[in-house]
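So the structure is just underneath, and the comments pick up after that.
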Amino acid sequence: MRNNNCNWLIFLLAFILSLTTAYTPDISVVKNNSPAREIKYFDDSSTLLVLRDDHLLISKNDGKSFEEISDIKDPIIYFEMDPTNKNRAFAMTLSQKQYITEDQGNRWRTFEIDLFNGEMASIPKITFNFENPNYLMISNYECPEGQRLNRNCKHRYFYTKDGFKSKPTKLSVDAHVCRFAKSTKTSKIGNSETVFCTVNQLNSYGHIVESHLYNSNDFFQTKNEIKIKPLDSSSGEIIDIKIEEDFMIVVSRMDKFNEKSLINAYVSRDGENFVRADLDIDIKYGVMSFLPSSVSSLFLTIMDYNSRAFQTASFYGSDSSGLHFTKLLDNVAGGNIQKIENIDGAWIANIGVDSNNPYDGDKSLLDNLFGGTYAKDIVSKVSINDGKDWSLIKLNDNSCKIEDDCSLHLWDFTELDGEGKFVTGPTPGILLGVGNKGKNLAHKFDKMKTYVSRDGGVTWDKALDFPAVFAFGDQGNVILAVPYNGKKKYDAAKHFYFSLDQGKSWDKVDLKHPIYPLSILTTIDGTSRKFIIGGIDDSRKSENEYIYSVDFTNAFDGKTCGDDDFEEFVARKSNIDDEPLCIYGHREKFRRRKQDAQCFVNKLFEDVKVIEDPCQCTEHDFECGPGFKLSEKDSANVCVPDRKQLSRLCQSKSELSLPNKVLVEGNKCNMGDKKLEDFVSQETLKCSDYVDGDNGDKQNPNQGDSNQIEVHINDFEGKLAQYQYIAESQDKNAADNIVIKTMDDRVWISNNGGVSFVRVPISDKILGFYAGPIPGQVILITATNLIYVSDDGGATFIKRRIPTQPSPRVDRAIAFHNEKVERFIWFGEECESNGRCTSNAYITDDAGATFNKLMANVKTCDYVGAVLESGDDELIYCSAQNSLDNNKLALFSLKESSSEEPKKVFENIVGYAIAGTYVVVATIDDKKDSLLSKVTVDGDVFADADFPHDLKVEPHQAFTVLDSSSKAIFMHVTTNEKPNFEYGQLLKSNSNGTYFVLALDNVNRNTVGYVDFDKIDGLEGTIIANVVANAQANEGTKNLQTLISHNDGSEWDKLVPPTVDSEGKKYQCTGQPLNKCALHLHGFTERADYRDTFSSGSATGFLIGVGNVGEFLTPMDDSSTATFLSTDGGVTWKEIKKGVYMWEYGDQGTILVLVNAVEETDVLYYSLDEGQTWKEYGFTDYKIKAHDLATVPTDTARKFIIFAQNSKDHRDIQTYTIDFTNIYPRQCQLNLDDPEHDDYEYWSPVHPIGGDKCMFGHESKYLRRANGHTDCFIGSAPLSDGYKLEKNCSCTRRDYECDYNYVRDVNDNTCKLVKGMTSADRKTTMCSKENAFQYFESTGYRKIPLSTCKGGQQFDNWNPKPCPGKEKIFNEYYGREVKGHKLFFLIFIPLIIFLGTVLFVYDRGIRRNGGFKRLGQIRLNDDDDDFNPIENDQIDVVVNKIVKGGVYTVAVLIATVKTIRKIDRMMLEKLGNVIFRRSPGRRNYVSVPNDFDEEEELFGDYQDNLDDELEDAVFNQDDNLVRTPFVDDIEETETEAQQGEQSNPRDERLFDIDDNEEEEQQQEVSKPAPS
């Protein structure tokens, strides 16, 4: 027992002794009042620089102490280490004086540069030269005053040839981007003086006209332009130059007018010959980033910013030519992919995958970084063959096996190196990472641990039980880690941990001052054993920073390892067979310290050395040669001819002999007993098999190269139920997201225009989706109590809980706010226990996170305040039941944030409609049993919308609000409701929606209520409608005819048919009048998709339709049916195809596509020359039945989607995305400063009657691609900037339409009162309205709201008259009633002022100068020398001048009165009566008598002195009445003038004396009545 006690005592003493002798590194700490902005090491040095509070400090002892640099006297905004010279660094200021050191910070000198002024917009950037470090460029952006960094800013470059020893010189070119050819160590391009620059030429509009690439060997004293084919200087925009390894990449934006355009990359190895890479990447929403590359391959990521919540990237790698790229990995979460240092081909990446169990808790740090709450999980994978294969990361833990769906997932696996970059560490395969084991990365940071790998990331072990930031020293033999907790509230680190055995064991060391770690670093090459830990203290009251210097130099007594302490480490060993994998034809070996060896490598500033071991050549060491590509069908390394490449290589050649494979550039494999022929075969190719036949046809150059058309096929389970394009921004070209719902209740999303689709990972049954008016807004409706909300076009969805299930009694589930994405109204159903259900409205202002009940028993609600021009933004209208026992609907208004009860606006309504900035309410007048229309423009005041007198709308009659885009409301009122024979009247309102007139009768509609009415996009006032020609029959089959209006519904004509069909044959009815032979088109009511319109808003003047030529419209299946095209707004037409075709416009009309809509097909037809010629293109190997053809709603894209029935399974659908993006070799040149030399021309719509270009009172000019310029695309060119309003035209009959209660007589084109109504009826109707005090005498015409005509013929003279008994209000309104204070101000105030002035003048100027007696002695013709008034000051001088002027004036007046007495008094009376007897709203003209008294000789012949316009005029007393002469530009209107009063032609000239005054009075008429 005693012996046992002794043993325990010995053991305890030994343990205590071991604790007291445990190694602790040397630690020192420096306290600072604020944290450092930047901290960096000089390479191969113990010296580092720190930027803190605009002061630059230096430490020469690995951070143990710091001192300010005395040579620097100015505030420093940033500093930069020179990668070409490890002794040099630069410190930049906000002045012309900058600082440079060339001895690692010991001494600093200044250099001056004209770089900074008030317009500089960015931090200056230095461009380095690896061959001659003294050659440097420095640049900054200079922007127009008050503007941020944008396209209008100029990039200013300065250069030095002596390392800034002399003042830098400005480059002589205004470059956009400049790069040295020797921007990398391995570049073989050019020489040390070679500089590449891009230069953009702008016009006065700020548009890029040309983009050039130049090089120079003398800093642009001379320059040479580099021509890149097919990149023309006028096409696209060069946005960047990259030098990566020995590759030079020129990155260009395909559409220079769109910053989110597709990009192209042109690659060169000599800087002279460039070839376009097949990098067909849509980076419309993202950024291209180049990753560490090699001489054998370029690597890059494309960050996809399509999702604002969860950003992913795609990872691409090229072949050794840099021309052919392969997507190696998709959905890289946050772009988090990292190459393992020192090991070729090794990468670790985090991948975003759809989560089946979305996290609904509070956001953690990871949630903010990676969007953890957005139904995405993160899975980590590793590749050891340059991304060709990826596998889950193996954890050496028996409880976590990959086959059990468990692996290691890493949040971070990088350290901050001495240069300030994040790297995996300069070690021989030793890595550290923070993460967790399981199916995916944890969403909470505190669940993560720290793991270590010793085989380059293939397998891992747990190192620490908490997450940590870390750094490596002595090639990984010293590891320092500081705990870092990612909770919202977390404790500061009180310890740090270190390992001296490559992460196998760890020791803990206390920190004197706990910190939140900000940085931990060591020397750049990771060979030092000294570390720096920087962080802020845990006090919330201050931001003190502590910098710890930790020194492990004395560990193991500083022993240096011997040969026996090293082992051979072979990289890239496979998990399967433990054999090393060959990459680039070699294996990699490292000589590293054994894990348990107690010594250090101790080779300070010596990088890790790689031992290369060549491998036997295999198929993997070869790649496809020029003209070939990897086969998509074969899994092996099989290369097949590439039609795209060969079409370029075969130019002017008939045959090619090419090797199908080549050895990868830089590959080090050993051929051994193999021969080159064992891997490569020489192929002979006939160019005729690969070159488009039409491509070389000089007679038909208009169809592009069909080899550039790409087809992408996607298969879906279930039939198509719903699809919609979703815009991502206000940019008209950004609607590339497509949402598809199938009949099996699944939803698929594409964010690349239909090239690929991803299924939304929602297990709930999806009933449908709604797309809001705000870009990106999509909401999925499910059969559960959940909805899924997206604001990024469906890239991510947030799960929200709804208060109730959607109501089947409401025709929609959601009403959106027009401007605020977080607001919408939910319509749900709430049922009681007795089964009685009500439809309720619920409102949210936080995108569905919470809901509040808005109103019960609703039929629908809308945010009307957001659409009305002058309405309250929070105003909401709801139509709801008056009571549960009453089925009548009432209209209620309420405020979103108000607690007040809803206000009842109308007691009994049918419904309401929002039309542009109007709200139209259909109310029921119970007394008259009729339907009334009420209109509001502010949501508060409603006005009666009066229908024509002869149209009584019954409560059961349907009316449809069609359009309001032309400052008037178009409405269709059904007048015949007999099934299958429905039609009605097309009504049009005045500008405020209160008076409706008949625009067209017998307009066709269908049973559902849709109307054959199409407003043509892009053309003012052009409308196409179908009418029922046999309306009187009232039964049977409708005979439809198509009419077109070019003046907003005022006049209608039939469509003029083409003379011959598409086969050059005449039509049977050719030669007959239009009423027997016209073009008729199938309209809105017959479309499968109502979004398929005749026209396109971007393809101005283009219309396509299906129809026939004849007397009436024939059925679709009739043999006469064909497809027709118009390019001049419907004036002329041509037949383009026999049969029924679906059509779409692309690229603003430069691409037209047709697909057979009836028969199965495997081809489409396209035209690139505005429909002049058409080409057939086979898009599938078998025939399919096309259901729809679609593109973005703006018709500006070059991608089209065909929705088709799956040929193998008719229950499923397929999409064929036809991509014409590359069919044009260039972008059309737009130069508004020199329009004669670009690719556009002006086009004006021409009125079919008269042939003039005046439409709505003005001549407009629109830009279109010029005829014959069919080799270019438009893209986002701002053609609207070139729009010209050439002139305002004189008014003609075409600028007027019939006034309220007037109707157009088609026989003579005049407006007549509706049947059964007289002028007296009009007075009665208008005066019977509530609060009415005036009515108007109408001429029968009113100006079309769109018209801007001036002068010319005036048809619309409005004359206000008082309603009976309302004369007083009328006079007050027009300012004729003077009383009260008005009378005081108008009479007494001026009288008082006048009397005071007279008294003052009398006292100072008359009385003291002798009174009136003295003034009477003044003679007009005598000098005033005898009159010397008193003038003591300046006031006396002024007064005396007034007196003298008054004397002269009185004298003249007396003489004038005496003369006028001789004129006949009767004539004066008549003149006075006419002059002063003016009516409001009437023109001011003069009535002249025809007789004179005997004293007329006093003035000679009176008539001789009149204006020539009044010569020989004959007037009488009745001339005072206003008469409106109608002189039409069309002969038919003469009839109307004959039916009215006979007016003397000479009166017509007098009628136009004072047009401006009449316009002012008409404005007065439109003012509201006084209350």
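The first residue you see is number 1, and the count goes up from there.
Every residue gets a Cβ built from N, Cα and C, even glycine.
Annotated features, as they stand in Swiss-Prot:
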| type | residues | note |
| --- | --- | --- |
| SIGNAL | 1-22 | signal peptide |
| TOPO_DOM | 23-1382 | topological domain 'Lumenal' |
| REPEAT | 451-461 | repeat 'BNR 1' |
| REPEAT | 497-507 | repeat 'BNR 2' |
| REPEAT | 788-797 | repeat 'BNR 3' |
| REPEAT | 842-852 | repeat 'BNR 4' |
| CARBOHYD | ASN992 | N-linked glycosylation site |
| REPEAT | 1124-1134 | repeat 'BNR 5' |
| REPEAT | 1165-1175 | repeat 'BNR 6' |
| CARBOHYD | ASN1288 | N-linked glycosylation site |
| TRANSMEM | 1383-1403 | transmembrane segment |
| TOPO_DOM | 1404-1571 | topological domain 'Cytoplasmic' |
| REGION | 1527-1571 | region 'Disordered' |
| COMPBIAS | 1553-1562 | compositional bias 'Acidic residues' |
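Other C-beta atoms found within 10 angstroms of the C-beta of ASN1288 (N-linked glycosylation site) number 17, with every protein chain shown included. Residues 1016, 1019, 1022, 1024, 1044, 1046, 1055-1058, 1062, 1079, 1081, 1101-1107, 1152, 1170-1171, 1245-1246, 1248 of the same chain lie 6 or more positions beyond the ends of the repeat 'BNR 5' (1124-1134) yet place their CB under 8 Å from a CB of it. Between the CA atoms of ASN992 (N-linked glycosylation site) and ASN1288 (N-linked glycosylation site) there is a gap of 24 Å. As a summary of secondary structure, the repeat 'BNR 2' (497-507) carries 0 helix, 4 strand, 7 coil according to DSSP. Mean pLDDT for the repeat 'BNR 1' (451-461) in this predicted model: 94. In terms of DSSP secondary structure, the repeat 'BNR 3' (788-797) contains 0 helix, 3 strand, 7 coil. DSSP labels the residues of the repeat 'BNR 5' (1124-1134) in these numbers: 0 helix, 4 strand, 7 coil. Note on ASN992 (N-linked glycosylation site): other Cβ atoms within 10 Å of its Cβ, all shown chains, come to 17. Residue counts of the repeat 'BNR 4' (842-852) by helix, strand and coil are 0 helix, 4 strand, 7 coil (DSSP-based).
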